[in-house]
Each structure stands twice: as structure tokens, then as C-alpha cells.
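Asker: Mind having a look at this structure? Questions to follow.
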Amino acid sequence: MVICHSCTTFCILLVIDLVPCRIVGMENVENRVMFSLLDRSPQTNDTGPKPEKFEIAKGKFKVLEENSIGADTVSHLPTTREEHVSAVVPMPNFDPHRLEKALRTKGSIDGTEEALYRSLLDHTVYEKDVRPCIHHSQPTNVTFGFLLNQIVEMDERNQALTTRSWLNINWMDPRLSWNESLWSDIKAIYIPHARIWKPDIILVNNAIREYYASLVSTDVMVTSDGNVTWLFSALFRSSCPIRVRYYPFDDQQCDLKFASWSHDITEINLGLNTDKGDLSSYMNNSEFDLVDMTAVREVVRFPSDTNSDWPTIVIRIHMHRRPLFYVFNHIVPCVLISSMAVLGFLMPPETGEKINMIITTLLSMGVYLQSITESIPPTSEGVPLIGMYYVSSLLMVCLATCVNVITLNMHRNGAANQGRHVPAWMQKWILGYLATFMRMSIREPDSIALLKASQSKKSTIRRSSILRDLKRVKNMSNVRAKSKEQNANRECECMDPLVHIYAESIMTSLVSDPKPMNGSTIREDFASESTFLGRVVSDGIMPRISASSNSVLTEFETRFRRILKRVYRSLQQHEIREEILDERSRIQWQWQQLASVVDRLLLCLFCTATLFTIICLLIVPVVYRDNDVLSILNFF
């Protein structure tokens, strides 16, 4: 001990002696300076005066030539600069009293713990690669403790759970025990974990390549009876099979399996200090709620090694997902998009945007389905509820597109088929019973009813009027024939007002309906007769009729009668055409009403299907997930 103390003192003096000092009188000279050592006054005898402190020697510095490392000291020729006396100036903060106090404290330090550390870890008596045991046939009992600090991440796509945990591993090492009375009542010491033996306990279901890089270990605490406690923190990434059936309303149970990698139960007996994990320092996760955590000891026998049992500590972490994020970002948009597809049945077909709206809805559903598939694991073991709901919604939107095409064709069926009548069974069941059940009143519009009534009344009046006028003309010709001899010399200067009425009515009808009905021949006849009547009307008088002009009267009556017949025929054809157009309008209106009733029926059906899908795929499975009612889902 005295020798060690002397060596320590000499080293301290040497360090102090080599402290840089300022050199006086050596400006602009780049040379190396040799420092003088501290001189200690020699102690001649025990009775002589003892120096109370160390003094710094004073002297001149010897200057070495530049680039003369390792060479002997060379004296310079006397110059004027050497005449200046160089002095060693100590550091400003140097205190000789503090140095003396430090040396005295060093001499009074107790080295018992250091000596105990060296004696325990002496390589002649301790080998860290050898398993500690009293006899090699006895196992080393290792106690395992687990503290969960945080659930960092659940990677559903890669099926891995990342947790931050603290481990407490304890075992007995008889080689590290000592007698407290012989070592100043030292009860425990701390030793670096790399200096002693440690059990090779690892995470069996590890899912990361750099396993040991995530371990943060502290010093190992060793007590006097050989009890070793190893505390360390780690960021574990373990494989965890994800159950996606009820995603995003799912519960996940992940296991962390710890075991010795190379020692079976005959060498390392791994046990638990408690069956409940420590949650005193747990930090809540934003995505999962921790339901429960248990620790179980299992003894595993592998098929490849049936003669050995391997103790394993299984930490089961039960978590429940918080579905609020997924409800607002995945489910609510899907419900709204499905509702927009259903509301497409209420859009009038005349707008021509029903199909565009449903196709846009279908594309939106596809985009949201793609975002779902990127977040759930690509597994075929089960289909998540949200995926089933999206597929069902896509199917309903596709069906809505198909039935909207059918209803649009039905709406245009009356105009496309040139007046094809609605089948009788459709009129009876759809326009009759189904419309009544849907609380829809099928009545002809007032315009069609009034038009039909007016056309029918007008046709009756015209026909009776023409027949009456034809009879009147015939009677008039007979009367004129009888009185021809009596009025032979009388001249008729004015035309009968009835003829004016007939002529004006004929001209009005010809002007209002100039289209021919019977080809070019009828058009030529009407042209000649209209010229004749126009001349009669423009002149305002009949040609002078005398006894010698019977042929003119006969010609006029013949032409006039022929014109009336053709006018009657044209009016009749015009009425028939109007009746055909009215009938087509009525048929087209019936098809439109039929399409409206079908749209109302499909609206009710798709609303019911949408609500039924939400209840069956999103509500019932979450509420009754533990009942046998949902066993049908296992079929998929």
C-alpha cells in the first residue's frame, strides 16, 4: 500500500509539472520548451525537518532546435535574447493547498468495495461463460418479471406488435457471494452486465433483425448472498397474428414468448415472480385500449426434440381497438355514398344524369375500398366486416345502375316503340295494385283529358254540320231546277250568303291545313278548285245566270259538291291523325307512370337493403360477437 501511495504521488507531481506555462522573453520564437520537474525536498532522516509543501523549481528553459525531435539538447551561441531570464509562471487557478488536501483524501479512501469487486471477478475464480450452479446436474432457477411501458404500434399489414417493456430477471450465483462482516458490511454491489454470466433469454417470436440493438441494459445488482438482479429496457417487435374478422371493431390478443435459446429445463428453470404483468408505468395508446395482460409459464416440447422440455414465459396482451377514427374516415363516407346511390332513384329521368350520378358513386366506392385494403393485412383466413360492407355496397350500387338502365328504357318505351301499349298485366298489377300500395295516384293529366274531350266534340260537330250542309245544297239545287222556267229572265247579281260561308270555310281549312293527304293528284285538284273559289270570293258575285246559262250553274254545283266532299275527307283525316297523336301521348304517359312506380319500388327496396346491410354487417356482429347467431359469418 505504501508503494502504491508513493507511485500515485509521483504521477500527480509529474502531471502538475507538465502543465503549460507562460514563457517570458521569448517573443516570435517557435521552439519546444522543456519543463522542469517538481523538486521535492529530500528527507535525510526521520528526525530532520519535514517539508510542509511542494515547491515549484525555478530555472531557465532549454531551447531545442526546430525539427530536432529525439535529438540531444544543443546549446545555442550566446545571444542577446538569452540574457533575459525565463521564469516558470504557474497557472492562475493552481492552489497548492488543494493539491495537498486531495493527496490526503486519497490516502484516506477506503478501497474495500474495489477490493471486493476485484476478488469476486478475479478470472482465476470466476468465469462468466460458465453457468452458475452448485452442481452441474442441478438447474439454475431464473425468475422472470415483465413490466409493460407502452404499446408503440400495431402493424396490421405486417402482423407485428411493437412494445416498450422493462424486464426484471433474477437468479442465484454462489460464486458472487461474500461475508458481509469481512467486507465492512457491504450488502450489495453493482457490476457491469458484460462482466458476469447472464441467462440467454430472448424473445422467441421476434420480428426484427437487430434484436440486441434495441436492448438498453443497466448494471447488474449483486447482493451478498449471491442474488443477481438484472434490469433492462427493450423495444420489442413481436409477430402477432391479426384477427381481422371484426375490423375495425376488433379485439387483438398478442403473445410475447420468452425462453432460453440454448438451455432446456434441466439447465435453466425459468419461472415467474407473478402471474400478473406490471402496469404501474403504462402509457395509454391512441389506437388501442389495454384490456388485460397476463403472464403464463408453459413447458414446450418440440417435435424435433422429444427428449427435452423448454420452459417458456408467455406474456398475453389483450387489446381493444378504438374505432372512432375508422368510423369517421371509412364507414360514414361509405354510408353517405350508398345513400347518394339510393337517392338516384328520385332523380327525374328527363335530366339524363341518373346513370352519371350512379357511375360516380361506384367510382367513389372503389377508391374507399382501395384505402381499406391498404390498411388491413392481406390474409385469406377471414374477410373483415368493413370489407364485406364495402363489397355489399358496391354490389347494391351496381344493381342500382342496372335497374336504372331498365327504368330509363321503360320511361322511353312509349316513344321508342311507336305507340306500343302497356301490357294488361302491368296495368293491373303495377299501375293498379302496386301504385296503390306505394300511395301513388295514377290519373291522366288535365291536358290530355281536355284535349280528348274537345277533339271528340269537335269531330261530332263538324261531321253533322257538313252532312246538313250537303243536304241543304241538294235541296237548293232541286228548288232552283223547279223555278228555272219561272225565273228564266231574272239574273242573279249577288251570290247566296250560304255560298260565301262555304267558300270562306273551305279557304280557311285549306290555309290552316295546306298539307295534301292523297298525293300529287289531290294537290292539283285542290289547286284548280281553290283558284275557282278564290275567283268567286274575290269577285263577290256569281256569274250572270240566265236561261241560257244552265250549264254554268250545273258546273258550279258539281265542283262545289266535290270540294265539300274533299274538305270533309281532309277534316276526317286530320281528326284521325290527332286521335293517333293523342293516343301516343297517352301511351307514352302510361309508360312514364310505369317507370315512376318502378322507381318508387326500387327506392324502397334499396333503402331497406342499405339499412339491412348496416345492421347485419356493422351493428349485430359487434354487439353479439360472442353468440352463435353469427356462426354464419364463419362460412365466408
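For all residues, glycine too, the Cβ spot is worked out from N, Cα and C.
Feature table excerpt (Swiss-Prot):
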{"type": "DISULFID", "residues": "CYS240-CYS254", "note": "disulfide bond"}
{"type": "CARBOHYD", "residues": "ASN45", "note": "N-linked glycosylation site"}
{"type": "CARBOHYD", "residues": "ASN141", "note": "N-linked glycosylation site"}
{"type": "CARBOHYD", "residues": "ASN179", "note": "N-linked glycosylation site"}
{"type": "CARBOHYD", "residues": "ASN227", "note": "N-linked glycosylation site"}
{"type": "CARBOHYD", "residues": "ASN284", "note": "N-linked glycosylation site"}
{"type": "SIGNAL", "residues": "1-25", "note": "signal peptide"}
{"type": "TOPO_DOM", "residues": "26-326", "note": "topological domain 'Extracellular'"}
{"type": "TRANSMEM", "residues": "327-347", "note": "transmembrane segment"}
{"type": "TRANSMEM", "residues": "357-377", "note": "transmembrane segment"}
{"type": "TRANSMEM", "residues": "383-403", "note": "transmembrane segment"}
{"type": "TRANSMEM", "residues": "603-623", "note": "transmembrane segment"}
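Each of these features: where is it, how hidden is it, and who are its neighbours?
Answerer: Counting every protein chain shown, the Cβ of CYS240 (disulfide bond) has 24 other Cβ atoms within 10 Å.
According to DSSP, ASN141 (N-linked glycosylation site) sits within a strand segment.
Taking a C-beta cut-off of under 8 angstroms and a sequence separation of 6 or more, ASN179 (N-linked glycosylation site) has the following same-chain neighbours: SER224.
For the recorded site, ASN227 (N-linked glycosylation site), the DSSP three-state label reads strand.
Its Cβ taken as reference, ASN284 (N-linked glycosylation site) is surrounded by 9 other Cβ atoms within 10 Å in the chains shown.
Mean pLDDT for the topological domain 'Extracellular' (26-326) in this predicted model: 76.
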Asker: Same-chain Cβ contacts of the transmembrane segment (357-377) under 8 Å, 6 or more residues past its ends?
Answerer: 156-159, 242, 244, 247, 330, 333-334, 337-338, 340-341, 344, 347, 384, 386-387, 390-391, 393-394, 397-398, 400-401, 404
Asker: Taking the Cβ of CYS254 (disulfide bond) as the reference point, list residues of the same chain whose Cβ is under 8 angstroms away and which are at least six residues distant in sequence.
Answerer: LEU161, SER238, CYS240, ARG316, ILE317, MET319
Asker: Residue list, the transmembrane segment (383-403) vs rest of chain: Cβ under 8 Å, 6 or more residues beyond ends.
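Answerer: Distant Cβ neighbours of the transmembrane segment (383-403) are 244-250, 326, 330-331, 334, 337-338, 341-342, 344-345, 355, 358-359, 361-362, 365-366, 368-369, 372-373, 376, 598, 602, 606, 609-610, 613-614, 617-618, 621, 636.
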Asker: As a test of the contact definition, list every same-chain residue at least 6 positions from ASN227 (N-linked glycosylation site) whose Cβ is closer than 8 Å to its Cβ.
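Answerer: Looking at Cβ-Cβ distances below 8 Å from ASN227 (N-linked glycosylation site), excluding near sequence neighbours, one finds ASN170, MET172.
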Asker: Tell me whether CYS254 (disulfide bond) sits in a helix, a strand or coil according to DSSP.
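Answerer: Where CYS254 (disulfide bond) sits, the three-state DSSP reduction gives strand.
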Asker: In whole Å, how far does the CA atom of ASN284 (N-linked glycosylation site) lie from that of ASN141 (N-linked glycosylation site)?
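Answerer: Pair distance, Cα basis, whole Å: 34 Å.
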